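Asker: So TrEMBL says this about it:
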type: DOMAIN; residues: 45-376; note: domain 'Aminotransferase class V'
type: MOD_RES; residues: Lys209; note: N6-(pyridoxal phosphate)lysine
type: BINDING; residues: Arg360; note: substrate binding site
Amino acid sequence: MASNLLHVLPPQGLLRPLAVPERLLLGPGPSNVPPRILAAGGRQLLGHMHPEVLQVMDDIKVGIQYAFQTQNQLTLAISGTGHCAMEAALLNLVEHGDTVLVAVNGIWGQRAADIARRLGASVHELLKPPGEYFPPWDIEEGLVRHKPSVLFITHGESSTGVLQPLEGLGKLCHRHGCLLLVDAVASLGGAPIFMDQQEIDILYSGSQKVLNAPPGSAPISFSERAREKILRRKTKPPSFYLDMRWLANYWGCDGEPRRYHHTAPINSFFSLREGLAMLAELGLENSWEHHRVNCAQLCQGLRDLGLELFVKEEKARLPTITTVRVPEGYDWKEITAFLMDNHAIEIAGGLGPSVGKVLRIGLMGCNSTSRNVDRVLHALRDALRCCRRSRL
């Protein structure tokens, strides 16, 4: 009789076994997850307040401190992707009426400006064309003119392949009474970054790039200056879920007994812990050099194919994501589809201001190997020949 009450039948798709194809993910992320991290994420669940889980969280905290090169007490992982960490950073720091300066040379600056405006901030943008970076004198001019309380800048702009130099920016910001907020989602572990030495006040990243963990957890850290600004807020952050005071307690960052805040993505934390452990075992300097060498091999191979690198200056090329101009007479969608259909390799087109202009090739963490460079160059050579033939 109860069955007569059901007007929606069991979906046929859910009655079939899950099928996931094997692909080499050489786009801007996520990257392939190695067996060790897959195994960690497949462990049996524990309660989110069990001492074993709290120990994993402590391991993650010290792993992030190593990866960021910081001793900040307020260091933890957001239960969300890198984009969630961007929101967490801004909504904890910024109150209605605050002035925020955003360096925009790709989509992540655009997104940060959008978020800050939603928080009621007075937002000013420093603009550079896609493929270019911000020299210190441009930053200082913006600081003098707008007198912001926070400067947002992207270290690894994944939409354009630009690596932003950070040296001296922290000192510059502090000289003008401003906090430095840095997005390192696409660069962490692939390019040198020194949070304390470079006087970065807020730094965040994501789990799914060089750390090779599934998306869903995001390392973040706040300097003492940034923590004090949070404590001086006149109003509560607009999000309870991302309120850093609550999160600091849950992660054992405030010296108080830990209290329940939310049910953490426990298996994501298991995976992130292993990704950070693998980075620690390899060593940061080895990881940076590993990415530099493989990126250089890729760039030379792309030139040999007659392709034009999008970022002109070598020092400004992001080692984890390389961008090339879409060659004249080709459709980027045909090239990316050809690689997927014929070689089971993912690369990506542009994003935001680089849409239609570039192809993006990611070499991150365990995916950054000489063998994968050879594979993607072979596949691109095949794609350029076949896609061109289809147009004749």
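Note: Cβ is positioned from N, Cα and C throughout, glycine not excepted.
These numbers come from a predicted model, not from an experiment.
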Asker: Including all protein chains shown, what's the count of other C-beta atoms within 10 A of the C-beta of the residue listed as 'N6-(pyridoxal phosphate)lysine'?
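Answerer: Here the count is 30.
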Asker: Would you count the other CB atoms within 10 A of the CB of Arg360 (substrate binding site), including those on all shown protein chains?
Answerer: 26
Asker: What is the pLDDT of the domain 'Aminotransferase class V' (45-376) when averaged and given as a whole number?
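Answerer: Taking every residue of the domain 'Aminotransferase class V' (45-376) together, the mean pLDDT is 97.
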